[in-house]
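**Student:** Questions regarding the structure given below will be posed in turn.
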Amino acid sequence: MSYRDNEYSGNYNGKEDGYNSRGRYGGGYRNNYSRGGGRGGFNDGASYGYDQRGQGRNFYESDGPGANLVKKDWKNETLIPFQKDFYKEHENVRNRSDAEVTEYRKEKEIVVHGLNVPKPVTTFEEAGFPNYVLKEVKQLGFEAPTPIQQQAWPMAMSGRDMVGISATGSGKTLSYCLPAIVHINAQPLLSPGDGPIVLVLAPTRELAVQIQQECTKFGKSSRIRNTCVYGGVPRGPQIRDLIRGVEICIATPGRLLDMLDSNKTNLRRVTYLVLDEADRMLDMGFEPQIRKIVDQIRPDRQTVMFSATWPKEVQRLARDYLNDYIQVTVGSLDLAASHNIKQIVEVVDNADKRARLGKDIEEVLKDRDNKVLIFTGTKRVADDITRFLRQDGWPALAIHGDKAQDERDWVLNEFRTGKSPIMVATDVASRGIDVKGITHVFNYDFPGNTEDYVHRIGRTGRAGAKGTAYTYFTSDNAKQARELVSILSEAKQDIDPKLEEMARYSSGGRGGNYRRGGYGRGGFRRGGGYGNRNRGFTGSNSAPLARSRW
């Protein structure tokens, strides 16, 4: 059931902890919001012509999404104050000495930066969440917070701008989702024409949908409505949700700009902004869209940013849009794979990959409880591999950008529920899909960089579980051999001698002269060996399934 579609009459009587019928502290003002005011102290000189708070010019001079938006001059406006500091330090937390906190952070690999960073919590109760949130947590069976949650919750609940850096699968979504619910419940109720109070920007539709699912679970008790705004589907239902009014909007940048451009919603009420997987959004070229969107939001908002990595581009975005932020990093900033994942890298010829995959899949699926995610470099190869596996008796399904959204949703559901044990995907799924119970990841094609390799294999071995990742490495990938060996060594994995030799001969940047050494056959396309068979064929998910082997 989606709470965003409900019409509320205000007759909900679930009062608790001093909250009104919507779970919110009473507030009188409704449509009296001014659209301006700022934090003051704006500085010139930031990248791309933006000042300290991202007040820019360049991105408004081009056509495309958001071309009709007018950049707001916040310095000449007055903003009505809002509440954002809800953190009350628990007695147990307060009584811990600095030495104990330092030791605990060291044990959990938590590193913090900034002034007056709150101490980490160790339980849900210590985080200071209201009873209605704690009840949802207990009902859903959560036992203990993850390290990123332990430190991020007191940071976000205190109303500070913050950056959280942690590996995929570490619980980042709840790190901002639960504080967002508390934030909403302390704001005045929405009035007709109001936009959302919380805005979450995400790089992919799949990730946006998963965030929405978490928001729905934990917003249920206080009837917080949400909607998910992304491309590839009709705008009508999304427009309907926005017009009816939602407290939370989870969106991909392009579709949200489309909605803003056509006056289907506004961001005047946004006081809690989340940039999730910021590094991925920048990798996908969303920086201009992000800047246009954020410029429409009052600058005294609370902004939280989460990322799996901390490159210079993400650091610049944080400097431009976060005010006096504090930062938590869990684990090393160096690129590293989870030690819960067994990494098996095989050096093979391009022409042998398909046969190798068939052999490995047969071995893996001897256990019917296993769930396999296969990554390919292109949509064509994803479809080819899906057909190959189905013809071999394995009920594989493919997901990539050329599939219609309803088909993608169906494939995800089939995979998530275990009806299909194999999903073949392009990188649209590498960081946007969170499916529990993935036991094996296959890199049929090695990605363009080792960072994507780490994110791909991070689909397994999540939340303390064990996982296995198979990778077929060819001479085409030689320039990444040295970095891959480093990742394998750090995780104490066995290394194929052929890969070590490839790394020695590789320049690490241009591929070296290794291809002259004879491992590759040359002339084959990446993911090749198929020739021109099935060229132009579509509908891989409807390819005939041979006599089932599963």
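Cβ from N, Cα, C; glycine included.
Model, not experiment: these values are computed from the prediction.
Copying in the features that Swiss-Prot gives for the protein in this structure:
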REGION    1-25  region 'Disordered'
MOTIF     122-150  motif 'Q motif'
BINDING   Ser166, Ala167, Thr168, Gly169, Ser170, Gly171, Lys172, Thr173  ATP binding site
MOTIF     276-279  motif 'DEAD box'
DOMAIN    340-503  domain 'Helicase C-terminal'
REGION    510-533  region 'RNA-binding RGG-box'
REGION    525-550  region 'Disordered'
**Student:** Could you give me the DSSP helix, strand and coil counts for the motif 'DEAD box' (276-279)?
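**Tutor:** With helix first, then strand, then coil, the motif 'DEAD box' (276-279) has 2 helix, 0 strand, 2 coil.
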**Student:** Across the whole of the motif 'Q motif' (122-150), what does the mean pLDDT come to? Round it, please.
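**Tutor:** When the pLDDT values over the motif 'Q motif' (122-150) are averaged, the result is 91.
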**Student:** Checking distant contacts: for the motif 'Q motif' (122-150), what same-chain residues at least six beyond its ends satisfy Cβ-Cβ under 8 A?
**Tutor:** 14, 16-17, 19, 23, 86-90, 92-93, 104, 108-110, 157, 164, 166, 170-172, 174-175, 178, 181-182, 185, 217-218, 220-222, 328, 330, 463
**Student:** Does DSSP put Lys172 (ATP binding site) in a helix, in a strand, or in coil?
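**Tutor:** SS state of Lys172 (ATP binding site) = helix.
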**Student:** Near the ATP site, what residues other than Ser166, Ala167, Thr168, Gly169, Ser170, Gly171, Lys172, Thr173 in the same chain have a C-beta no further than 8 Å from the centroid of the listed C-beta atoms?
**Tutor:** Thr146, Ile148, Ala308
**Student:** How many other Cβ atoms sit within 10 Å of the Cβ of Ser170 (ATP binding site)?
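**Tutor:** The answer is 22 other Cβ atoms.
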**Student:** Using a 10 Å cut-off, grab the number of neighbouring Cβ atoms around the Cβ of Gly171 (ATP binding site), all chains included.
**Tutor:** 18
**Student:** Is it possible to list how many residues within the motif 'Q motif' (122-150) are helical, extended or coil according to DSSP?
**Tutor:** 16 helix, 0 strand, 13 coil
**Student:** What number of additional C-beta atoms lies within 10 angstroms of the C-beta atom of Lys172 (ATP binding site)?
**Tutor:** 25
**Student:** Count the Cβ atoms, other than its own, that fall within 10 Å of the Cβ of Gly169 (ATP binding site), considering every protein chain shown.
**Tutor:** 23
**Student:** Under 8 Å between C-beta atoms and at least six apart in sequence, can you list the same-chain neighbours of Ser166 (ATP binding site), or say none if there are none?
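**Tutor:** Once residues fewer than 6 apart are set aside, Ser166 (ATP binding site) is near Pro147, Ile148, Lys172, Phe306, Ala308, Val328, Thr329, Val330, Gly331.
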**Student:** Counting only residues 6+ apart in the same chain, whose Cβ is under 8 Å from the Cβ of Thr173 (ATP binding site)?
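**Tutor:** Result: Gln210, Ile211, Glu214, Asp276.
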